[in-house]
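Asker: Input: one structure, supplied below.
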Amino acid sequence: MSSQDIPEENLPAEQDTHGAVGVADEKNPFADPGLPPHEHRIQDVDERAAKRSERSVALLFTVSMLATVGFIASYVAIPADESVYIWPIGHISAMNFALGMTLGIALFTIGAGAVHWARTLMSDLEIADERHPIEAPPEVKTKVMADFKQGAKESALGRRKLIRNTMFGALALFPLSGVILLRDLGPLPGDKLRHTLWSKGKLLVNMNTNEPLRPSDVAVGSLTFAKPEGLEEHDEDFQTEIAKAALLIVRIQPENIKDKQELEWSHEGIVAYSKICTHVGCPISLYEQQTHHVLCPCHQSTFDLSDGARVIFGPAGHALPQLRIGVNDEGYLEALGDFAEPVGPAFWERG
Amino acid sequence: MSTNQTTEARRGKAPAGERVADWADGRLGIYSLAKANMRKIFPDHWSFMLGEVCLYSFIIIILTGVYLTLFFHPSMNEVEYHGSYVPLQGQLMSEAFNSTMHISFDVRGGLLIRQIHHWAALVFLAGMFVHMMRVFFTGAFRKPREVNWLFGFLLFVLGMFTGFTGYSLPDDLLSGTGVRFMEGAILSVPIVGTYLSFFLFGGEFPGGDFVARFYSVHILLLPGIMLGLVVAHLILVFYHKHTQFAGPGKTNNNVVGMPLLPVYMAKAGGFFFLVFGVIAAISAIAQINPIWAIGPYRPDQVSTGAQPDWYMGFSEGLIRVMPGWEINFWGHTLVLGVFIPLVIFPLVLVAIAVYPFIESWVTGDRREHHILDRPRNAPTRTAFGVAWITLYMVLLIGGGNDLWATHFHLSINSITWFVRIAFFVGPVLAFVITKRICLGLQRRDKEKVLHGRESGIIKRLPHGEFIEVHEPLSQDALHTLTAHEQYEPLAIGPTVDENGVERKVKGSERLRAKLSEAYFGEESQIPKPTVEEYKEITSGHGHH
């Protein structure tokens, strides 16, 4: 569209009726001078430039069509497991790269074409529209209030209080059915969070080898993860049970154990602690052999395993529960009972 | 309608498009709708496209999300993996994880759609954050747009939870850790926490239900509400018309820009394709959430560097830096170390959400505002906004304290302590500094209006003095720089009238007056140049 096509009434000069509030003059140099005059773009005055724009837009749309063809071709032709080297990213899935790039180009060029079209060939004349107050005029408000009063009066809701009160009662009560229905979302907690699979005589089974542990398997400075005997990965409730029963085992020289109870509950310096962080339940898995500190990688709570696993840094609120262990007749490490306190994050009933 | 007869007469002659439109108009009244809206004016400013980025990424998320539901199995049944990704062969995993593997490796283009879905979600949340800040700092939330501000805020919050429930669905090691964190946080709620957790997870964590439950929340409940809010948000944008910055010809009673048809439609419609195209290209080259490298969830396993998606990062920061306070009494535990962050988390968000109502209470201004503020001209608001962002960013640092430690070789303990202190000090510092910067910019504007623009031309006077030539501003610029209005601080007035009778002043009024003084007192704004000042300076020559 060239400037010749712009209707006269759209030109800024014709629009002074709305738009400008004051006219610039000697009195007020800060007054609103009104919309600035429209400046022509080269496309408005030079038809050849407009043609060039038209061709650019058409080219972009054509590229889009080609990219879509490329998308379909990639989908059909590229094997799903082929990887390709793209500098500087490295080896990536050829299919994902080809589909994504062709789709991206197909979409982007449609957008670029439309925007270029709008910017160079559609009218760039700014137009002023009037606003109207959002609030209704007073007479409308009066009418609405009167209508409402009339409606309320005809309903007799205010006069017949018995109806009103019982209706409110009924409306307030019926959602209770919906709330009640939520009861079976889950069982009541009971004391489930207080117990784990550990009990007297259960062997400590190495998580990696699936073999019961002997004291000789645990070297000073090593970190071993264990589960209770009888819990297998294929068990239906494996996830829920391991979430409480997971154990971390380290060996510390007995003379380095500062906590008396910890020493009593250990076996030849082998101590077993709950692996589940007492903060919000991440499994603790970073062990510093020199200091006997374990660190939870989620929120960096740090526990001193040589001192009753008390918290020495981070957001955890209490020490890791210790599992009392011993050795059975055959020389395997065994639990001497369940954890004395609930494992994992604290909760209201924990106490 | 009076045109019925003409329409009758022309039947058969009108072009097909018009006949279809006539048909629709007779049933839907589209001509009246089009009359009001087809040439509706939209002002142009780069920052107005931020909201469009959000809208378009939301549409992209819905399109790709529907595709993903065709292949995803929201089940936690354990299965053994036998797909085409060799390293996980024989591994036990939930069906949710298994089907996500299937989408990523065996459905052609499935990985691309998954990545577009996830990238678009990140862009959606980032877009909403920046869009919200744009609206905040320009005062676009003022009457009549407060309700729309709340709609937008709700969209941001719901978007966070839709994102969280979404990235938890594949049941991978990383997201499962996030769900565990959520469970730990719920457990900390006094009295009902344990029950809430058991009801949410159908028993003990992780149980076998949460993927299916998160699924219906993620694909139906939350997006349904959000779709409604988006529609309402857009209707209000149309109804209120767009705001605009002050400038020549732009007043509070008009809206200056381009008509919907054709310019805005082409630009906005084209912009959808630009956004979609860029996100598709990102998804082609930038891998996101490679669950095959992370592995299926096991409650007893974890990887280092575990991070939520960015928009959940500030809640992660809260939980990481909070000291582990626990109070035990009468056989109960109050887990303040987790519960306090859980309470602060919504409070941080609410602080920014209620701000418009506090400001309008302080100003007592009941007029409609359609001209945007430049942030410098509302120093207290701007300072509050920057303080809020500072708090948010400090918490983001806290949420990634392990990554800061490993990437910059810092001590994790000192980062945590830095965040603990900066949580309180940072926002205050940011507030003071921002306010001063705003006032400085106001002074510079005043200077420019009164003395003109520095031209960079140095002139030597006959007696040897060097001066820089200042060029007077155009009237357009003069108007733009002086168009904002400045509030007077609210005065309570004398509390004792002339007869010596004491007038009761409510405490809330006193607070309001104090706040008003803080907002608009001498310390908080530079009086804008008056016409008299301008004339006095420009009439005399030789002043610079």
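Along the chain as shown, the residues are counted starting at 1.
Including glycine, each Cβ sits where the backbone N, Cα and C put it.
Small disclaimer: the values here were computed from a predicted structure and weren't measured.
Feature list, courtesy of TrEMBL:
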{"type": "DOMAIN", "residues": "B:20-246", "note": "domain 'Cytochrome b/b6 N-terminal region profile'"}
{"type": "TRANSMEM", "residues": "B:48-72", "note": "transmembrane segment"}
{"type": "TRANSMEM", "residues": "B:118-137", "note": "transmembrane segment"}
{"type": "TRANSMEM", "residues": "B:149-169", "note": "transmembrane segment"}
{"type": "TRANSMEM", "residues": "B:181-202", "note": "transmembrane segment"}
{"type": "TRANSMEM", "residues": "B:214-239", "note": "transmembrane segment"}
{"type": "TRANSMEM", "residues": "B:260-286", "note": "transmembrane segment"}
{"type": "TRANSMEM", "residues": "B:329-358", "note": "transmembrane segment"}
{"type": "TRANSMEM", "residues": "B:378-397", "note": "transmembrane segment"}
{"type": "TRANSMEM", "residues": "B:417-438", "note": "transmembrane segment"}
Asker: Which range out of B:149-169, B:214-239, B:378-397 gives the transmembrane segment (B:118-137) the most CB pairs under 8 Å?
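Answerer: The listed stretch sharing the most Cβ pairs with the transmembrane segment (B:118-137) is B:149-169.
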Asker: Are the transmembrane segment (B:329-358) and the transmembrane segment (B:149-169) close, by which I mean at least 3 Cβ pairs under 8 Å that are 6+ residues apart in sequence?
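Answerer: Yes, the transmembrane segment (B:329-358) contacts the transmembrane segment (B:149-169).
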Asker: Which bits of the chain, at least 6 residues beyond where the transmembrane segment (B:149-169) starts or stops, bring a Cβ under 8 A of a Cβ in it?
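Answerer: 54, 72, 74, 96, 100, 118, 121, 124-125, 128-129, 131-132, 135, 141, 175-176, 178-179, 182, 210-211, 214-215, 217-218, 222-223, 225-226, 229-230, 232-233, 236, 289, 308-309, 311-312, 349, 352-353, 356.
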Asker: Sequence-remote contacts (6 or more beyond its ends) of the transmembrane segment (B:181-202), Cβ cut-off under 8 Å?
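Answerer: Tertiary neighbours of the transmembrane segment (B:181-202) are 164, 208-210, 213, 316, 319, 332, 334-335, 337-339, 341-342.
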Asker: Six or more residues out from either end of the transmembrane segment (B:48-72), which same-chain residues have a Cβ under 8 Å from its Cβ atoms?
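Answerer: For the transmembrane segment (B:48-72), the sequence-distant neighbours (Cβ-Cβ under 8 Å, at least 6 residues beyond its ends) are 42, 96, 99-100, 102-103, 107, 110, 113-114, 116-117, 120-121, 123-124, 127-128, 130-131, 134, 155, 169, 215, 219, 223, 226-227, 230, 234, 237, 242, 268, 271-272, 275-276, 279.
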Asker: Looking only at the domain 'Cytochrome b/b6 N-terminal region profile' (B:20-246), what is the model's average confidence as pLDDT?
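Answerer: Across the residues of the domain 'Cytochrome b/b6 N-terminal region profile' (B:20-246) the model's pLDDT averages 96 on the 0 to 100 scale.
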